[in-house]
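**Student:** The structure that follows is given in the form of structure tokens.
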Amino acid sequence: MKPFSKNDRRRWSFDSVSAGKTAVGSASTSPGTEYSINGDQEFVEVTIDLQDDDTIVLRSVEPATAINVIGDISDDNTGIMTPVSISRSPTMKRTSSNRFRQFSQELKAEAVAKAKQLSQELKRFSWSRSFSGNLTTTSTAANQSGGAGGGLVNSALEARALRKQRAQLDRTRSSAQRALRGLRFISNKQKNVDGWNDVQSNFEKFEKNGYIYRSDFAQCIGMKDSKEFALELFDALSRRRRLKVEKINHDELYEYWSQINDESFDSRLQIFFDIVDKNEDGRITEEEVKEIIMLSASANKLSRLKEQAEEYAALIMEELDPERLGYIELWQLETLLLQKDTYLNYSQALSYTSQALSQNLQGLRGKSRIHRMSSDFVYIMQENWKRIWVLSLWIMIMIGLFLWKFFQYKQKDAFHVMGYCLLTAKGAAETLKFNMALILFPVCRNTITWLRSTRLSYFVPFDDNINFHKTIAGAIVVAVILHIGDHLACDFPRIVRATEYDYNRYLFHYFQTKQPTYFDLVKGPEGITGILMVILMIISFTLATRWFRRNLVKLPKPFDRLTGFNAFWYSHHLFVIVYILLILHGIFLYFAKPWYVRTTWMYLAVPVLLYGGERTLRYFRSGSYSVRLLKVAIYPGNVLTLQMSKPTQFRYKSGQYMFVQCPAVSPFEWHPFSITSAPEDDYISIHIRQLGDWTQELKRVFSEVCEPPVGGKSGLLRADETTKKSLPKLLIDGPYGAPAQDYRKYDVLLLVGLGIGATPFISILKDLLNNIVKMEEHADSISDFSRSSEYSTGSNGDTPRRKRILKTTNAYFYWVTREQGSFDWFKGVMNEVAELDQRGVIEMHNYLTSVYEEGDARSALITMVQALNHAKNGVDIVSGTRVRTHFARPNWKKVLTKLSSKHCNARIGVFYCGVPVLGKELSKLCNTFNQKGSTKFEFHKEHF
């Protein structure tokens, strides 16, 4: 290909380009030759590309074949002879109407004038080689056979010709630009780096005698996770070179890579077509479509789609081959790809206007450094004032207690021997006693749940109770180090080394015995209790860290039992011994004799009684909550669903959680799970994913009593009250408060769940849906009452009591998961929301990360089938619901941008449940948008 120079323009005579239409360049063999309708002249088709830099590239010059197309082509419905190309170029031959209009203005005046005379006849045709060849062959066969059969074939071909013509005219500049982002064989992440250097490095790693084998091609080009697709790509590229090879050298690999990495959409489309068209006949049959669907499903880990490949292949053929010729061509594949967005009109992303965004993000304009710093400070104070005042009060109390003990012991005789080491140790001990008492309050769950419902929740951040618990634990560690460090390294040595005079004058009345040795001090009640407490604290604090609690530390057997939730749970019960030792340690003090000076028990009395009372309440309350299992289901992804009867006295809010115990698994362990049923349901349901020892054993116990699913029901195994085997007994305790229960405070909700993290929000969606239905029923009842009151006379009856109007106007639910089977967990809820939410209050977005991002060639056909099936049947092929499934991960910055644009000046509650990494990202994004826009995002993360 070379640029199309000005001198070349004089050789061709083009038709004009009308607004909004794509024209086909046709030329006679000599300049200035007039066009003849009866086909006396020989025509050629010239295909050119107009690049973004206004350069013109000549793509091909092909002879054109005239055919007679009957239809509504001309105003008088008569046949018109039109030049149709026989393409020999592997690329597509289309350009946008706007670019042709620019080009036509640059042509010589006489050429433009001649072209305009024929624009009405020529502007609707632009045929490719495959159609012309197929049409000629089929038409000849039909003419030879004669009769009605040949006429039917001709009619089918002519009908397809008209569809092709319309499809090519519809390929506007905007659709072509969108297409450039599609059918990528190399992901965007790889494009951001020097991909060829990586390929060369891989070539050097896998090459043998200067060649890499077909089996290593996938790893070489970075497609190791979709090896089957890479092998088909290798074969397609080899067929383009008329070869069938098992190995290629470095130069051939570069050639393959250049084709794969080609920026031209037409080139990528041709490669994709060649992958499907294995017999190279220019046609794709239903069997070939089925094979590529199975290949794409395998590459994207969609096992169910693979099983339904035949059904979806028939769907594609039905859409693209209405003439039932038994095959589709390249242009039809392109049409489906370019027009898929017209099918994807369900669960669309939020509406977005740049004007609204510019109004909402006024703060994005540049500010001075001082102004920016002051704005940041004001924002931090506004967003975190609850945390700031609570932490400030806590720190001030600790400082006050430390200074109180510091100066108190400075007046004692022992100070003359041990100095400031004693003062520091005693100050740290006082803060230690205070924090050992305070650390119990954040885990008094019943108390916290009750306080959430009081006005105190406006001033105290109860959502941060677990974080505050951890912060206090950190302060305890510091106090322990200071206290025991000063005693062992400073105070005890000074007592041992004190002169006889100093000991008798300043210390004898404390010990009432001869001067002790270092060992005497350590083996005394104070020393023994202190050392034991430190050992138990080290064990408990270590196993409570994130690395051990979440099994991030891999230990060899049998030490692997020291990691995981069970180790954390049981080791925390060592604090029962710690608190007993702490009280004993406070009784046997060296330097405090009167009972009222020994204040340890005073600090601990109330919190220990409160926490002990809560644990006792759990024991008796769990026994009073008599529940029986109604349904059990085990879904793909190792998720166990338990539906149980709802005790009369068990009242909860959406977003709350409860503790569950199964005596058949462990008579001691209680585990928290979000409630997935709505408060108005007559049952309680929870969803449990197998993540640890306890959940694994729980699933095993219930699997033994479950039965295979009946046809049409989801879930691998099921059980209910009719099951022959008796179901295991369950005990429940709760409900307990969680951040998500405050969703009613916000006008707009953004609910984000990762995997099983969707569970807190399912109850919220159900509750919202129930309220929506009630509001509609209430509106209908008022309407009926108004109509009836018009006909009533002298009635003094009251109008129906006005129910509380739902404050939430919009809810956006984003569910991100790795496995297709996960959508079975809440399929019923999603379908119910899609069916009953006529007002569009709830907008759901499912994201499947195992599928390659939209635009990747490996997921292109999946996207096409997804769009077609939903347009026809109203069901998403991936989730099996009416909610569209997006591929890869959401762009959270775009999500928040569109929300801030659509809901200016709104207060949006962002509720998240999932891994901490994304939680930090969302929290940071919320902070960024809050500083720069009028929309305020309030971030909440679930903690258990």
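Just so it is clear, glycine is given a Cβ too, placed from its N, Cα and C backbone atoms.
Pasting the relevant annotations from Swiss-Prot:
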COILED    102-126  coiled coil
COILED    157-184  coiled coil
REGION    241-252  region 'EF-hand-like 2'
DOMAIN    264-299  domain 'EF-hand 1'
BINDING   ASP277, ASN279, ASP281, ARG283, GLU288  Ca(2+) 1 binding site
DOMAIN    308-343  domain 'EF-hand 2'
BINDING   ASP321, TYR327  Ca(2+) 2 binding site
TRANSMEM  388-408  transmembrane segment
TRANSMEM  476-492  transmembrane segment
TRANSMEM  528-548  transmembrane segment
TRANSMEM  571-591  transmembrane segment
TRANSMEM  600-617  transmembrane segment
DOMAIN    622-742  domain 'FAD-binding FR-type'
TRANSMEM  745-765  transmembrane segment
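Just tell me what is around each of these and how deep it sits.
**Tutor:** Averaged over the region 'EF-hand-like 2' (241-252), the predicted model has a pLDDT of 83.
Counted within 10 Å of its Cβ, the other Cβ atoms near ASN279 (Ca(2+) 1 binding site) come to 10, all protein chains included.
In sequence order, TYR327, ILE328, GLN332 make up the list of same-chain residues 6 or more apart from ASP321 (Ca(2+) 2 binding site) whose Cβ falls under 8 Å from its Cβ.
Counting only same-chain residues 6+ beyond the ends of the transmembrane segment (528-548), those with a CB under 8 A from a CB of the stretch are 473, 476-477, 480, 484, 487, 522, 562-564, 567-568, 571-572, 574-575, 577-578, 581-582, 584-585, 588.
Through the fold, the transmembrane segment (571-591) approaches residues 409, 412, 414, 422, 433, 436, 510-511, 524-526, 529-530, 532-533, 536-537, 539-540, 543-544, 597-601, 604, 608 of its own chain, all at least 6 residues removed from its boundaries and within a Cβ separation under 8 Å.
Mapped onto DSSP helix, strand and coil, the domain 'FAD-binding FR-type' (622-742) counts 18 helix, 42 strand, 61 coil.
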**Student:** How many other Cβ atoms are found within 10 Å of the Cβ atom of ASP277 (Ca(2+) 1 binding site), counting all protein chains shown?
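**Tutor:** There are 22 such Cβ atoms around ASP277 (Ca(2+) 1 binding site).
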**Student:** Determine, for the Ca(2+) 1 site, the additional residues of the same chain whose CB lies within 8 Å of the mean position of the CB atoms of ASP277, ASN279, ASP281, ARG283, GLU288; present them in sequence order.
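**Tutor:** Once ASP277, ASN279, ASP281, ARG283, GLU288 are set aside, the remaining close residues are VAL276, LYS278, GLU280, GLY282, ILE284, THR285, TYR327.
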**Student:** So how many other Cβ atoms are close to ASP281 (Ca(2+) 1 binding site), meaning within 10 Å of its Cβ?
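**Tutor:** Looking across every protein chain shown, the total is 12.
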**Student:** Could you count the residues of the region 'EF-hand-like 2' (241-252) that DSSP puts in helix, in strand and in coil?
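**Tutor:** Within the region 'EF-hand-like 2' (241-252) the tally stands at 3 helix, 3 strand, 6 coil.
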**Student:** May I ask which residues of the same chain, at least 6 positions away in sequence, place their Cβ under 8 angstroms from the Cβ of GLU288 (Ca(2+) 1 binding site)?
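**Tutor:** Sequence-distant Cβ neighbours: VAL276, ASP277, LYS278.
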